[in-house]
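These come from TrEMBL:
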- 529-588: domain 'STAS' (DOMAIN)
- 151-172: transmembrane segment (TRANSMEM)
- 178-200: transmembrane segment (TRANSMEM)
- 212-239: transmembrane segment (TRANSMEM)
- 259-275: transmembrane segment (TRANSMEM)
- 287-307: transmembrane segment (TRANSMEM)
- 340-362: transmembrane segment (TRANSMEM)
- 411-432: transmembrane segment (TRANSMEM)
- 438-459: transmembrane segment (TRANSMEM)
- 471-501: transmembrane segment (TRANSMEM)
Amino acid sequence: MVLSSNRVEDLSTHACNEEGFELPISNHDVPPLEVHRVCLPPHKTTLEKLRQRLLEVFFPDDPLHKFKNQTCLMKLYLGLQFFFPVFEWGPQYNLKLLRPDIISGLTIASLAIPQGISYAKLANLPPIVGLYSSFVPPLIYSVLGSSRHLAVGPVSIASLVMGTMLSEVVSYTEQPILYLQLAFTATLFAGVFQASLGFFRLGFIIDFLSKATLVGFMAGAAVIVSLQQLKGLLGMVHFTSKMQIVPVLSSVFQHKDEWSWQTIVMGMCFLAFLLTTRQISTRNPKFFWLSAASPLASVVLSTLVVACLKSKAHGIQTIGHLPKGLNPPSMNMLYLSGPYLPLAIKTGIVSGILALTEGIAVGRTFAALKNYQVDGNKEMMAIGLMNMAGSCSSCYVTTGSFSRSAVNYNAGAQTVVSNIIMATAVLITLLFLMPLFYYTPIVILAAIIITAVIGLIDYQAALRLWKVDKLDFLACLCSFFGVLFISVPLGLAIAVGVSVFKILLHVTRPNTGVLGNIPGTQVYQNMNRYRTAVRIPSFLILAVEAPFYFANSTYLQERILRWIREEEERIEANQETAIKCVIIDMTGQLKRKKEEKFADILYLTC
């Protein structure tokens, strides 16, 4: 902003009293003008500037600082710790840490076994694949992962997305082998994509999914998942393969003759039991073990009921035979050429993004609660390598589950050894206990899934968005209704699109405001937010909460001129002192960044 010299001279010879009237100032009262020379920055070549910029973008944490001034042997040891965190915490592990890890590992195993079977059915995969995916990936993560509380295994959203995208093209009932091949191949590409993001330090890409869009997407996906479980909850045989809300409800009422009253009674009883234990655990965290143990207890009780009444319970569908034994190798089942390869790649990338987003968010949440750091890029590599190994051992996409991680945290887990204990319990189940699931009713799996995904509907977060930022609330609604009425993949695309649009909007149309002085202090705040702030006569202080550059320069010029025009109109209407100086405060952008960072941490913690 250019100021005329007569305004500067006029300002130097006048002042204002408390009432805002001008007072003359003699020249000898004005301090002499001081000139401060600003030196130019040190000269750097173009390559040096490019190198510094790339380091700031891709290596803000300077991951190699530990290697400075170290011997070759020490550098080798630090390298092992960097790529394999087990070498960092392993030497310090002792029996004192083992006891809580055993307790938490067995606790999450009681939740992981029934959820693994249920989520595999959600992905239209054989139930045994869910158990396979709860055995190998946790072992891989325990060596490569840096989060102490992340419980690894299948999750509902990634299972839903994989099942939706694959079943739209390939029927899992008519072509089960091809469907299984595509699921393993999609898992491989999900792992490659995730590991690549971590290796090339491109983790900031997943930040395009804002909190607001994720709240809406998760809620919409939870509703779709719950509606899909009506097939098992009502004992239906024929059901639509579509995921939109209208076709699902139409299918439910078009096949009312297939409803089984025995299945409905059993499903509603166990669903009420699961929801009650979940509510008790939510209100009183000391009873976390109730919600953790209730799914396994429901599986055992329902299996006993059906086994005892098998002659009278013909209407209740059961899981049937599940093969015993360890994960069979599946490298020979990878579909790496053919017409369905693009489908596998697309499914892997979409499900990989969602799995990565959930895993990183959950890991950082519990790390913040325990005041330790989780390296996002190393976590991406760990989750990616875990899925790559899983695709070769009959597993599908896995990541850190919020529900199991919360149970793991409340159970007192100290290290990632709890994942090893959980995998050991799953191993024993695979080797010796599989025949016991023969009479497990499918309806109980539907009840377990509904109970698990209900926690994804965070209406309180939506209300906070409405109160804080209406644009964020609109983004939340767009992703929610996109999932409900269009499709899950397109709902995710809408969520990403809204997030990118919001970023561009904030960058090209930054917030501006008039600052006023808080009486009795030297603090200046936005007058729209602080009622006690007062204007400084003859001064217009404007805050711009973003840096100036080509994308917003025209807008900021027009907006600042409008602020000046509106201020002159207000002064003329109130007969106040004319504007003599315009001050543009650019420090607000730094403060805003700190506030947004704190708000993100607070949101994750809550």
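Placement of Cβ uses the backbone N, Cα and C atoms for every residue, glycine included.
Keep in mind that TrEMBL annotations are predicted by a computer and have not been checked by a curator.
Most Cβ pairs under 8 Å to the transmembrane segment (287-307), among the stretches 212-239, 411-432, 438-459, belong to 438-459. The transmembrane segment (178-200) makes no contact with the transmembrane segment (438-459), as judged by fewer than three Cβ pairs under 8 Å among residues 6 or more apart in sequence.
The domain 'STAS' (529-588) scores a mean pLDDT of 88 in the predicted structure. Panel annotation: around the transmembrane segment (259-275), residues 232-236, 294-295, 298, 301-302, 305, 313, 315-317, 441, 443-444, 446-448, 450-451, 454 of the same chain, lying at least six beyond its termini, place a Cβ under 8 Å from a Cβ of the stretch. Where the transmembrane segment (471-501) meets the stretches 212-239, 340-362, 438-459, the count of C-beta pairs under 8 angstroms peaks at 212-239.
Remote same-chain residues near the transmembrane segment (212-239) are listed as 121-122, 156-157, 160-161, 245, 248-249, 251-252, 255, 258-260, 262-264, 267-268, 271, 315-317, 357, 442-443, 445-447, 449-450, 453-454, 456-459, 461-462, 465, 469, 472-473, 475-484, 488, 491-492, 495-496, 498-499, 502 (criterion: CB distance under 8 Å, separation of at least six residues from the stretch ends).
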